[in-house]
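Peer 1: Let me give you the structure first, and then I'll get to my questions.
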There are 2 protein chains.
Amino acid sequence: MKYGVVAFPSKKLQDLANSYRMRYDPHYEQITPHMTLKDAFEADDAEIKDISEELSKIAKRHKPFKIHATRVSSFAPLTNTLYFRIEDNSQITALHEDLHSDFFGGPARFSFVPHITIAQKMSDSEHADIFGQLKMVGVNHEEVIDRIHLLYQLEDGSWTVYDTFRLTGDEE
Amino acid sequence: MKYGVVAFPSKKLQDLANSYRMRYDPHYEQITPHMTLKDAFEADDAEIKDISEELSKIAKRHKPFKIHATRVSSFAPLTNTLYFRIEDNSQITALHEDLHSDFFGGPARFSFVPHITIAQKMSDSEHADIFGQLKMVGVNHEEVIDRIHLLYQLEDGSWTVYDTFRLTGDEE
């Protein structure tokens, strides 16, 4: 089964992201707007209990953290994906690192760019057009993330939340 | 903001429900297959903290419980909705009652029929046709539910998980 770890931002930021996603993101229906903290990975039922426990420990080591969406960026030319760029900060980086420890199979394959996807799988010309528009509109939104979620993927591609972990920082 | 409380069944049962929902349920995209334990209700940010705490207490009073989906039923003539009927048992009933205590504004408006929706908003003739087919196919699936989720609804109608509560029965 495929699992992933995300943070869902507030309703306000999700609604804003969805106002674009409903038009420009074919994955719109599979999951609500989110910041991916750990990309999809395979695990079976036995492993997921350990993973869930490890996530619970990690959540206890990290306090709630601020996110600041500052601009609309693009992953082009890698992929024609537009996103709200979340500014890096030491807390997000530390959490991401903990989610890519040896326990989880080690470092991420790509360098971590905190973001919330708002458009993807566009043609080159559509990408150029929409990117131009959305860059001008921009985004400026700050809020606090106080929980992360472990999800699994259904056969149709949609994602279900399996568990929620509150970031308490109790055991920093 | 609109909140609700549900249990998501296993991937296996969700995949089965989705095989029908993708064709017959226009709400297919808004939430993955679920058993509603508390219908949508309004609450603001201040209230939701208390509600979340109350749910946490309730989850500690209830042990994981078995669900048994035994047949395909319909809410017609009330609505043209088809669902996997989950057999009542004292544990589900007790949990549902706790979620409709005075704290939550009292008893549910409708008598509780545990179910997982697989088709809705069909015309009378489509309903009759599909119900006839699915009744024959039927369903027979048993599993254990060990957690419930508090969700909120986005402007586009989709639902995001806010929190997860494990049924521990620690404080029975």
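Each residue, glycine too, has its Cβ placed from N, Cα and C.
Copied straight from TrEMBL:
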type: ACT_SITE; residues: B:His34; note: active site, proton donor
type: ACT_SITE; residues: B:His115; note: active site, proton acceptor
type: MOTIF; residues: B:34-37; note: motif 'HXTX 1'
type: MOTIF; residues: B:115-118; note: motif 'HXTX 2'
Peer 1: Who sits close to B:His115 (active site, proton acceptor): which same-chain residues at least 6 apart have their Cβ under 8 Å from its Cβ?
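Peer 2: Looking at Cβ-Cβ distances below 8 Å from B:His115 (active site, proton acceptor), excluding near sequence neighbours, one finds B:Met35, B:Thr36, B:Ser73, B:Tyr83, B:Phe84, B:Arg85, B:Ile86.
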Peer 1: Using a Cβ cut-off under 8 Å and a sequence separation of 6 or more, which residues in the same chain sit near the residue listed as 'active site, proton donor'?
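Peer 2: Listed in sequence order, they are B:Val6, B:Ala7, B:Phe8, B:Pro9, B:Ile116.
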Peer 1: Taking DSSP states H, G and I as helix and E and B as strand, how many residues of the motif 'HXTX 1' (B:34-37) are helix, strand and coil?
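Peer 2: Split by secondary structure, the motif 'HXTX 1' (B:34-37) comes out as 0 helix, 3 strand, 1 coil.
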Peer 1: Pop the mean pLDDT for the motif 'HXTX 2' (B:115-118) in here, whole number is fine.
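Peer 2: Mean pLDDT across the motif 'HXTX 2' (B:115-118) comes out at 98.
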